[in-house]
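Taken straight from TrEMBL:
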DOMAIN    11-215  domain 'YjeF N-terminal'
BINDING   59-63, 126-132, Tyr137, Asp155, Ala258, Gly312, His365, Asp432  (6S)-NADPHX binding site
BINDING   Asn60, Asp122, Ser158  K(+) binding site
DOMAIN    223-492  domain 'YjeF C-terminal'
BINDING   Lys402, Gly403, Ser404, Gly405, Ser406, Gly431  AMP binding site
Amino acid sequence: MENRLYSVAQIRAAEAAAAAQLEAGALMRRAGQAAADAALALLGEARARPVLVLAGPGNNGGDALEMAANLSEAGVDVVVLHLAGGGKVSPEAAQALARARASRANFADVALDVRDWALVVDGLFGIGLARPLEGRYRELVTGIDAVRCPVLALDVPSGLDADSGAVVGPNGVAVRATHTVTFIGDKPGLHTAEGRDHAGRVDVAGLGLDPSLFEPARACIAAPAMFASRLAPRRQNSHKGEFGDVAVVGGAHGMAGAAVLAARGALYAGAGRVFAAMLGPALALDATQPELMFRAAHDFEIADRVLVLGPGMGGAMEAMRALGAGIDGATPVVIDADGLNLLAASLDLQERVARRQAGTVVTPHPLEAARLLGISAHEVQADRLGTARSLARRLQAVVVLKGSGSVVARPDGDVAINPTGNPGLATGGSGDVLAGVCGALLAQGWPAWEAALGAVWMHGAAADRLVEEGIGPVGMTAGELPAAMRRVLNGLVAKSGRG
Ligand SMILES: NC(=O)C1=CN([C@@H]2O[C@H](COP(=O)(O)OP(=O)(O)OC[C@H]3O[C@@H](n4cnc5c(N)ncnc54)[C@H](O)[C@@H]3O)[C@@H](O)[C@H]2O)[C@@H](O)CC1
Ligand SMILES: Nc1ncnc2c1ncn2[C@@H]1O[C@H](COP(=O)(O)OP(=O)(O)O)[C@@H](O)[C@H]1O
Ligand SMILES: [K+]
C-alpha cells in the first residue's frame, strides 16, 4: 500500500526497534534536524523576525529543543518557551535541553502575542498526549489561534489524537497548525475528523528507519493508483450495454430531488442507462436531464441492474419492501441515506446484507453510522476508523464513512482515508451524487472496494476543482458536482491510456 498510515502503537514499536540498533538520542537528533529543515523551508528569506519554539515536557519537547539548537546554529533568531512539567525526563530530552541551552537560542517566558513572530513551532506534545490540555498548555494553544504567521507542528498538533483525529477532551483544544512535519510514519489522525483542520499540510520525515521494522500498515491515504486498473479507455467498438444499468430506488413524496441527483451522478460517471425508480409520484421527465428514465418503484424490474437504494426513500412500508428486494437481489448495490436508516431499524435486513454475494457499498454519514451501531454520532467521530471497520465487518460490505477525510473500510479491516474534498460538499444532496457515482462504477464492473475509493476520490476532487474555479466552497451546489466529476474522471482515464 502506498501512502501508508500507522497507528501510534505501530509507530512506537518501530521506534523502539530502531532505537535498539542506534546510539542513544540518534532519533531525536534526526527529528530535530528534519524539523529545522522544514522550518527553514517555511521561513525562506524571512529572517528578520524571531521564531518562537514551544517545547513541552516529554520527547516532543526534546525534538523541539534539538530543532531550536539547529535553527540558532543556522543563524535564525530563536526564542524558546520551555514548559518543563514535573515528571521524569528521558535522557535524550535532557541532552536536547542541554544542547539548546548551550546554543544561541534565547530561553524566555513570553506571552504569545508580544511579538511579531516569523514562525511559531509547536513542540508541546506528540503521540504521548495522555489527557486534555489544561492550564498554561491550554492558554498557549488557544493563543496560537491569534498569531498570523505560519505554525509548524512537530509530529502531531498538540491536543490532537494521532490515531483518531479527534481533539482530546470534552471541551478540548488543539493547535491549529498550517504545516505538520510528522516523524517515522504518517498517522491517520492527521487526515480525518478534526485532523485536516489542525494539521494543515503534512510532510513525513521517516528518520531513516528501515522499512522492515514496521508492522504491516492497515490504513493508507486513498489515491488514484488504488483504482487505476479500472480506468481503461473505452474501446471504439463499444455499446451502452457494456456500461451497465443503474437504477436509483428512492424519491418518495417531496424527495424526488435526492433521487434525481443520484441518477445524474450515475449518468455523468458513465453508466450505460440510468433509471430512477420512484416511491413517490413518478416524474415524467427531468427536463434538464432528459436521458434519465423515470419509473414507479412498485412495478420496476430490478433484475440485472445495479441499485442505488436510499436517496429520498423515506420510511414507509413500501420503501422497506423495495430495500429488502434490492438487498436480496443478485446485482451490486449501494445503500445510502434513508436506506441506511431503514437498515438500522432491522437486524434481519442487516443479516441479509451480510449474506449478499454481489458487491455492496454502504455510505453512511456519521449520524447514519451511529444509528446503525446504536451509538452516538459523537462516539462515531471519536473513532472514525474503528467505526468504519466494525460496520464493514458486521455488514460484510465496503463502508464509506463520510465527512472530512472520508474513511473507506473493507470487511478484512483495511481502510483508506480520502484526501480530496472540502466544506463546499457540506450541502444538501452532495451525498446523493456520491451514491450515484458509486453505482455507475459498480455498473461498469468495478469491484466494490475500487468503486467506493474511486467514487469518493473523484467526488472530492470535483469539489476541489469547483473551489479552484471560484464556485465554492461557499454556495457550491450538489447539482454542480456531476459535470465537474466527469472532468476529473475523463482526466484520469486519459492519463491511464497508452502514452
Ligand atoms: N524517543 C525518541 O527518541 C523519539 C521521540 N520522538 C518524539 O517523541 C514524541 C513522543 O514522546 P513522549 O512519549 O515523551 O510524549 P510527548 O512528548 O508527546 O508527551 C509526553 C509527556 O507529556 C506529559 N503529558 C501528556 N499529556 C499531557 C497533558 N495533557 N498535560 C500535561 N502533560 C501531559 C506526559 O506525562 C509526558 O511527560 C513523539 O511525538 C515525537 O515527537 C520522535 O522524535 C522520534 C524519536
Ligand atoms: N467538510 C467536508 N469536507 C469534505 N467532505 C465533506 C464535508 N462535508 C461533507 N462532505 C462530503 O459531502 C457528502 C455529504 O453527504 P451527506 O451527508 O449524505 O449529505 P446529503 O444527504 O445532503 O447528500 C459526503 O460525500 C461527505 O463526505
Ligand atoms: K506537537
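Quick reminder: no glycine exception, Cβ is built from N, Cα and C everywhere.
Just so you know, TrEMBL annotations never went through curation; they're auto-generated.
With Asn60 (K(+) binding site) as the anchor, the candidate binding-site residues are Ile127, Tyr137, Gly405, and the one with the nearest CA is Ile127. By neighbour count, meaning other C-beta atoms within 10 Å, the densest spot among the binding-site residues Asn59, Asn60, Ser404 is Asn60. Ser158 (K(+) binding site) falls outside any helix or strand according to DSSP and counts as coil. Apart from Lys402, Gly403, Ser404, Gly405, Ser406, Gly431, the AMP site neighbourhood in this chain, defined by C-beta within 8 angstroms of the site C-beta centre, holds His365, Val400, Leu401, Val407, Asn418, Gly421, Leu425.
The K(+) site is set by Asn60, Asp122, Ser158; from the centre of their CB atoms, other residues of the chain with a CB within 8 Å are Leu54, Gly56, Gly61, Ala64, Gly123, Leu124, Phe125, Gly126, Ala153, Leu154, Asp155, Val156, Pro157, Val175.
Mean pLDDT of the predicted structure over the domain 'YjeF C-terminal' (223-492): 97. Listed in sequence order, the binding-site residues near Tyr137 ((6S)-NADPHX binding site) (C-alpha within 10 Å of its C-alpha) are Ser158, out of Asp122, Ser158, Lys402, Gly403, Ser406, Gly431.
Here the binding-site residues are Gly62, Gly405, Gly431, and the one with the most other Cβ atoms within 10 Å of its Cβ is Gly62. In the structure shown, across all protein chains, Gly312 is the one of the binding-site residues Gly312, Gly403 with the greatest number of other Cβ atoms within 10 Å. Close to ligand 2, meaning a Cβ under 6 Å from one of its atoms, is not one of the binding-site residues Ile127, Ala130, Tyr137, Gly312, Gly405.
Proximity to Ser404 (AMP binding site), defined by a C-alpha to C-alpha distance within 10 angstroms, is shown by none of the binding-site residues Asn59, Ile127, Ser158, Gly312.
In this entry, Lys402, Gly403, Ser404, Gly405, Ser406, Gly431 make up the residues listed for AMP, with the farthest two CA atoms of the set 14 Å from each other. For Ala130 ((6S)-NADPHX binding site), the nearest neighbour among the binding-site residues Asp122, Ser158, Gly403, Gly405, judged by Cα separation, is Ser158. The 6 Å Cβ screen around ligand 3 retains Ser158 from the binding-site residues Asn59, Gly62, Ile127, Ser158, Gly405, Gly431, ordered by sequence position. Just so you know, of the binding-site residues Ile127, Ala130, the Cβ with the fewest other Cβ atoms around it within 10 Å is the one at Ala130.
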